[in-house]
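What TrEMBL says about this protein:
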| type | residues | note |
| --- | --- | --- |
| DOMAIN | 343-362 | domain 'Clathrin heavy chain linker core motif' |
| REPEAT | 546-692 | repeat 'CHCR' |
| REPEAT | 695-837 | repeat 'CHCR' |
| REPEAT | 842-981 | repeat 'CHCR' |
| REPEAT | 988-1133 | repeat 'CHCR' |
| REPEAT | 1137-1278 | repeat 'CHCR' |
| REPEAT | 1283-1429 | repeat 'CHCR' |
| REPEAT | 1432-1575 | repeat 'CHCR' |
């Protein structure tokens, strides 16, 4: 029989089958970077084949010179040449996100490139190699230059080692002339660390990591294949060379021959791939040969031809450990290792047992079981336990990882200097992966015995250990309950989980777990257990349980359990939790809780009461207990009688003051005051501070007045002082401040009295003053503070003077308040103090006092002369204080000591003050003082009062003050007439000062005294005076006449010559005196102004014309033209402007001419204007005027010449006004092709419009021409225009809508079909054509979508197809857009049109919503039930099998999916097993049912057994018995076997049960049924379960001795053997004990002899058990260095 090949090669894809043209299947067009994607370039298209879905390639309209897909994701790198730019343009795109990741323009041509990692591309140019990181912002970086041997070679491979330290570059060239077909291969090996290259000859190479025998870490190697022609001979070799630094023993170098058959003489390797999974090398040649070698040893394994066509590219398959290769026929083949055949092939066909064993261990391959077992036994027999342990650990598929091997390894003694074999075995397994439960348990025992639990924890966290109950028990015993719990939970050991959670005290988790598993807790048992071992845990469990509703136990019962064990603290914690609700029905428990703590631990009771969570207990009882326990505050809180409170409260020595203060807040006002009185009575001194603290805290409740009154009645002034002292800073109660001052004074705190009187602003000054005067304190400063602050200086002075405290008076005025000296002086004068004392007092203060107040005080008492020395003293010192001089002036006026001289010469006095003082004495003196100080108001008042108007008039004129004039000329001044008369008659005529005259005139004008002003001015101007020729006064006179007396104006114009004519004329115009104004302008030869008066004011155009003709001056004609223009006399105004040659107003003239359609006159005017002004507006209006009068010839002539006309604006105006001919002339002349096209369209010249639009090349123009051509039916021209528009995506939709709205869909389709062939065709054109196809030619839509699916806007087409009902096309679009859920839904909803089975399967596996799967199943069940199983098999991995079963059970179609249920039963799902078992029962297929229940145990076994035991077929009833056996229901299984007379089954079941009672029952049943042979067989089968005495009794009783004899013989033999063995063991034990005793005696004798021979100065050697070398602890082992019996005491120790 032929052996099975170790390498399987299968075709995965044929590229032509998916539309790839054979000519494109080349090395240049096809790239294979990994096993995931193949990229194929076609003309203008890139095909990307996802090997997970090879029949659904993605085609994209991409033009590139090369494309390579990233090895592990949908990222593509493109290379292309940009015209006119040297080098290649590189771009990287993410196809999933449709974004560009990176781009770079290389300056060199990239000959070859390849992904060297998931994020890096290697670029090979003609001279160098670059690395380009796709992630980040870096550019390609040059890494090394190519060696000369690769110059001119075609690069076919570039690779980088996994550690990024090495790279290899492969290239080929044409063969030697004698063998041209054999291409030469060259390799460049480069070290990044050393930055060195090594050129070699090779065709293919790859890096790999290998763990060589005897090495602890893997090594990096390079393997390369070469085929060279040397001296006419062909050398073909494979090399494996270790790379890196110095290695002990030297670097590994291996080589092997590549054996090419004769017919493949010119063949050469094109690819070399390695498999880390299997440790193999795959060498693939051009002609399709495959060489397989072992990577570690370079041993040849297999060779075969895998392709009849040349292979040009290959890649490793990481997932399978094989490779992919592509040949020229487009065949994509996958080569993989045949796991079942590889090891047998190597061991049998190659006869290489060592290699077969190594491969089986390395990859876990089957087929080496016998070899492994033999190797293990061979090593074990040779005593190579360490090697045997390693072999067992490395056994493929865990063949030797059994309990038996573990026991054997444990039983082996540890060789000296080596690790225990068991530890070696477990260590190898830890390095390889995960330990099973047996190994995990043994490792835990070893590690925990060495107190290295951290190692075990780390291994478990790393997943190295398999959780099991034994492992959890070991960890729990070590004290790590958390880890043990984790292990128990992982292996679902429910009993251990409950116990551990209880031990931990994690009762919330315990309840949650039992709730999940449905188990019930015995709380009382758990509580009693925990009270003994874990009191805190017991409390936690009780707290947790009490929260349940209803609680699982009585609160009082649990509390008594705690108290019975004297666990007061625990009972307290539990009761606090239980009583948290504070319910009335728990009053007794609350009292109990407080009683036990008040008796045993009052502090705890105090804390409980402080929380305030208990309110229903017996308060009087608890109050008494609190008082006894010394908790006086708590007792106070519980007592309700004042006598009890007062009794407890006096224990202030044992009460925390803050607590007592807080307690007072609970008392009523009356009780609180009573208690305070009690405290003051009992211990005034001791309780004073406490009373003050309480009073301060509860002032708001008790009232400060009551508190102070209480202390006053108790004569406790220190208390008042302390209490109010704390409130004074914040209190604003005058009474409190007063009482505080009184208390401070009574307690002798004079300094505090002084401070408060100085700082406080609240106390009542009058009461304090009276109190201080009555108290007669030795220190007068408090009284001085009060009187000084509250202006009671007179009282203070009288008190101090009457009490002869003159020193305090002097100190007060000199140091405290010098500014109040005048008040003190006044008081002293009232008290009739001596003038000498007063004078000395004043002189002592001098300039510090306010002189004015002093003068006032003395003046009120008519004692001014008293101040003369003082004032003269100040003046002699140079004082310039006005008050000093005022006082002196008053004294001089009173004494009439030449006051006129003082008033006119003294510069310091206050004129107003002194003048007021002099008014009553002499008004003239007062006027002198007022005039000196310019006291206008005072002077006016005194002159009015004394009728001194002439003096007043002269003063006012001289002052020349406008404000003063306004005041005296005010209408409310009853003396104004008298004053004016004096001014006109005397004061002003006397003046020769122009400023005074001007101010006076302005004042008259301001008060509108027109008649008085005219009279005044006529006197000054018309009468011969110094101001007659004053121009200002003449102007003023005329202007005043204009306002007040217009009839005098003409006369004044004729009489006066020195006035401002233009200004006066303007004023005359303002007052409508137009004729007077005209006369003024004529008098002053102002012709333009004169004609303006005629046209603007008099409004006489005719008179103005006559005046213009008379003067005949251009400015006059211009003004006339302006007026005519305003009146709308266009022709007349143009004539006037022409006579004036005035072009300044051409804009208004132009507008007026246009309004009146006077374009002929306008042409003349504009020609005149154009000569004077070169303005674009003029030329523009002239062009427009030519067009309006129809002078096209003149128009063309004008625009052909030099001009500044804005032809564009004119053309736009013509176009807007419908004057298309002149517009055409202008647009053509400019030229403006866009507007010209629009104009030609209006003139129906469509061909010319298209030509103009082509020159304009504007989308707007093309669109306008297009719409006009469509409207006119010029579809040929419309298509020409449309092709220019639709390349702009923004305009496409509007064009399409216009065509469709006009009913020209055929023409639209022709236009779009032409458009998709344009170079600038964009996605919108393809999309719009698809929409239009769907609307008007649906038969073409699918073809269009398939051809251009990559170039259409799929979401938009999806909406269109949905609206138009193209369901098949909609499904296709959903698939292309990766909306597989919608695609599936569409196929189901519109199945008659859109559904296709193959397509639906492909879509179903890609949908993301599980509901779609089940809708699909329902759809198939309803419409395509024959294909349902096929769909289910495809969706196996995506379905919830339980839900599927439920769905089909409800529909009654479970038999329909039986094949599916068989396929998914391997998942061992409960619902699947139940459904399939029921189907098998219905089909009566007992063999399949038995196989199902034996293979898959996740179903209701007992329920199925009950169902089957009533079945009519025997085999089903046997199956029921089997189920009972599996569930340990032995009696039931035996009873079923008995009923069906299956006695063998009954005996085997009994033997398996291990129950002696069941065996006895079976024996008695056989005896009763007379089944003697069965009785004998049962004795044999159940030998271990039956007792000999029972058998003997039954056999003798029922006459079955012969049938029981074989059993009895065996029993006797067994017991005899046991007795013999025991005797032998006893004898051996005795002998060993005797030998040991002799050894002890001999050693004792030896030690004694040694001790006697030692020198006396040395200590005796240590005895056994002592520290030292003799005991074998801390020194040499026993037997080393000791005397040997019979050889004397001085024998040297061996070395």
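Heads up, the Cβ atoms here are built off N, Cα and C, so glycines get one too.
Small disclaimer: the values here were computed from a predicted structure and weren't measured.
Predicted-model confidence for the repeat 'CHCR' (988-1133) is 74, expressed as mean pLDDT. Across the domain 'Clathrin heavy chain linker core motif' (343-362), DSSP classifies residues as 17 helix, 0 strand, 3 coil.
Per-class residue totals from DSSP over the repeat 'CHCR' (546-692), listed helix then strand then coil: 108 helix, 0 strand, 39 coil. In the repeat 'CHCR' (1432-1575), the DSSP tally of helix, strand and coil residues is 114 helix, 0 strand, 30 coil. Applying DSSP to the repeat 'CHCR' (1283-1429) sorts its residues as follows: 114 helix, 0 strand, 33 coil.
Each residue of the repeat 'CHCR' (1137-1278) gets a DSSP state, and the totals for helix, strand and coil are 109 helix, 0 strand, 33 coil.
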